[in-house]
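Novice: One structure, as structure tokens, below. Some questions next.
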């Protein structure tokens, strides 16, 4: 058989020549296709619109889901805190002392469901956008929880706290602008190969050792006095929960693409890891909220959690490879701005500073104690060194 000319008609057995700059392929026609038949493009035409939507608007979908998630999570903290406070008012055993009476309070369950919705939105956001974009947007939840706690819980949010919230927001924006891109991981097999790399295995081992040390030794001895103990446990566990979420996002995409992801053992390992991580995080976050001030717990948790998640994402997905020097500097500066904002938010929370009394506060700071010259000090010392019986006596 000879290849068809450009004007020849196709029939069974005919040959068609396809040429490009470096290759030439001859294809044989073996059957007629009906116009009504569903055209399959490598078995992916059914989800072609999903692929187009993700490639065109995936970043903005992830961004919107991350913002919505921050709003729900920030609100959920207030609801759960209200439930814990109502338990204390009723005389129940505090969560910090091992009590679980809050499970009977509908307000706490409302907070838990709201947090579940926020985590679900966050879950979807990680499937569309890199972790170093989604995670810093958690600063919005810090802002929301701080503002709501000042109105609904009666906790103070002064001028410096509001400035800290704004700095956290600005720092998050800078990090989003300079955030690196994920190294392309589209299948569970690729995800498994990433998890098996020696660098990540060593990193995960260190995190697990720190977690077990905190749970079994530091928490029983110092958890009631040091706010960092419980929050460190939550943050370290967050490295495994975020990695699991990222992997499950890949599995869900593969499921809708028709891949046999349910038969892959990594899918179920990620599910078990995610459930165990979230359960542990909720437990120790409840203890932290019950003992310490909300305006302290949430910002510190954000800083620790974000630091560990970004580090995990960089090690696991090699995001630093695609970053330029400008992006590295911008990312570091953005994160330092967030830390500064969080510091202002909680370090000066007990100061009564507002726009109304700011001039008076500054004036009081400038008026220090009256200093005396050396002569007065020496005279005072000399007079105090004279014994009562050595002082001159006066006759009445």
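In case you wondered, yes, glycine gets a Cβ from its N, Cα and C as well.
Straight out of TrEMBL:
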TRANSMEM  57-79  transmembrane segment
TRANSMEM  106-127  transmembrane segment
TRANSMEM  133-153  transmembrane segment
TRANSMEM  160-180  transmembrane segment
TRANSMEM  200-220  transmembrane segment
TRANSMEM  227-245  transmembrane segment
TRANSMEM  265-284  transmembrane segment
TRANSMEM  296-316  transmembrane segment
TRANSMEM  328-348  transmembrane segment
Novice: Cβ under 8 Å to the transmembrane segment (133-153), counting only same-chain residues 6 or more beyond its ends: which ones?
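Specialist: Beyond its ends, the transmembrane segment (133-153) has Cβ neighbours at 59, 62-63, 66-67, 69-71, 73-75, 77-78, 81-82, 85, 118, 122, 125-126, 161, 165, 168-169, 171-172, 175-176, 179, 242, 294-295, 298-299, 302, 305-306, 309-310, 313, 334-335, 338, 341-342, 345.
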Novice: Taking a Cβ cut-off under 8 Å, which residues six or more beyond the ends of the transmembrane segment (57-79) line up next to it in the same chain?
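Specialist: Distal contacts: 107-108, 110-112, 114-115, 117-119, 121-122, 124-129, 133-134, 137-145, 148-149, 152-153, 176, 289, 294, 298.
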Novice: Pairs 6 or more apart in sequence, C-beta under 8 angstroms, 3 or more of them: is that satisfied by the transmembrane segment (296-316) and the transmembrane segment (265-284)?
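Specialist: They do not touch: fewer than three Cβ pairs between the two stretches lie under 8 Å.
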Novice: Counting CB pairs under 8 Å, which listed stretch among 106-127, 160-180, 200-220, 227-245 touches the transmembrane segment (265-284) the most?
Specialist: 227-245
